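Over in TrEMBL, the protein carries these features:
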- 20-41: transmembrane segment (TRANSMEM)
- 33-310: domain 'G-protein coupled receptors family 1 profile' (DOMAIN)
- 61-89: transmembrane segment (TRANSMEM)
- 109-133: transmembrane segment (TRANSMEM)
- 153-174: transmembrane segment (TRANSMEM)
- 204-229: transmembrane segment (TRANSMEM)
- 257-280: transmembrane segment (TRANSMEM)
- 300-322: transmembrane segment (TRANSMEM)
Amino acid sequence: MEMQGYRCRSNRYIESGQSALPSSLLFASGLLGNVLALLLLGQHRRRSRSPGGRPPRVSAFYVLVSGLAVTDLLGKCLLSPIVLAAYAYNRSLSELGPGGRTDDEPGVLCQLFAFLMAFFGLAPTLLLLAMALECWLSLGHPYFYRRHITRRLGATLGPAAAGLCALFCALPLLGFGVPMQYCPGTWCFIRMAGGGPRQLGFPVLYASLMGLLVLAIGACNVSSMRHLYSMARRQPRRSIPAATAAAAPRMEELDHLVLLGLMTVLFTICSLPLIIRAYMGAFAADFNENADLSALRFVSVNSIVDPWVFIIFRTSVFRTFIRRVCRRLHSRRSTLKGSSLQGSNQ
């Protein structure tokens, strides 16, 4: 009863009727998207170069975005080739890699794949949180931001987040959690149903951590929107050149906030299925391998969608549309406010 529903746990071959085409398309789109995103970031760095050959004036936000793109690209390059190799040889991951110490333990390659899946699901979350904190500090605490938030700090946060994620995701390799092969034999992740606290403690802790990070990112984004709205209300409207000069940095912060908001919404949509499945498996003993596989695929899709969101957002047409919408909403609010004041005076 403990392993009910996990029919591919010990399979040596891939289930019949499965095709490598979806995995190949996902790998190609993720690889192309992340490479294009890094090229756009490099172009932004060249355009930001100061006169006189000084270092480019790139904000910590773009350093973190670059780290997110590199993380997503690295995840695709490490995980997808293993899946494609399994399809090419028609062997499961436990069969491709060296076997475990016991018959019930998956192979070393399967354990490595489970570690990488957990790592590349959590590391982008910490980078998104760092981006949200950077945006919140730049809008709500500008003095502290100018004194302490630098490009060097942004470059340091990436490796620090990666190190913390690696230590946390290595817990199943030390016995706190059980790596397991999922159908059709080309995926491995932590077992999310069946067993005692030692087996199910890690997936519950992993899902809880991801849920807390999502809430923290959402709180930072809401606070940033509130600060940006307050700045727009206090912005003077008498002098057009002065207003235009003051609005320039606000527009850059608005760009950062909109991009971060889009990535956060997509990340939340892709992460919620895994969080729900982890809790259902641990507390309701819900053995549904198809639902677990769908949740894992949602997590993997997030690293494919993120760079394409950045690429679409960097197009001038999309950014102009966003800015026009924000200006129209601001002008309509000002018009309604002026009409109400005029009516009250009369």
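Quick reminder: no glycine exception, Cβ is built from N, Cα and C everywhere.
Annotations in TrEMBL come from automatic prediction, not curation.
Quantities reported herein were computed from a predicted structural model and do not represent experimental measurements.
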Before we move on, state whether the transmembrane segment (109-133) and the transmembrane segment (204-229) share at least 3 Cβ pairs under 8 Å, counting only pairs 6 or more apart in sequence. yes
Tertiary contacts of the transmembrane segment (257-280), as residues 6+ beyond its ends and Cβ separation under 8 Å: 65, 121, 124-125, 128, 131-132, 135, 139, 192-193, 203-204, 206-207, 210-211, 214, 217-218, 221, 224-225, 228, 286, 288, 291-292, 294-296, 298-299, 301-302, 305-306, 309-310, 313, 322
Give the mean pLDDT for the domain 'G-protein coupled receptors family 1 profile' (33-310) on the 0 to 100 scale. 77
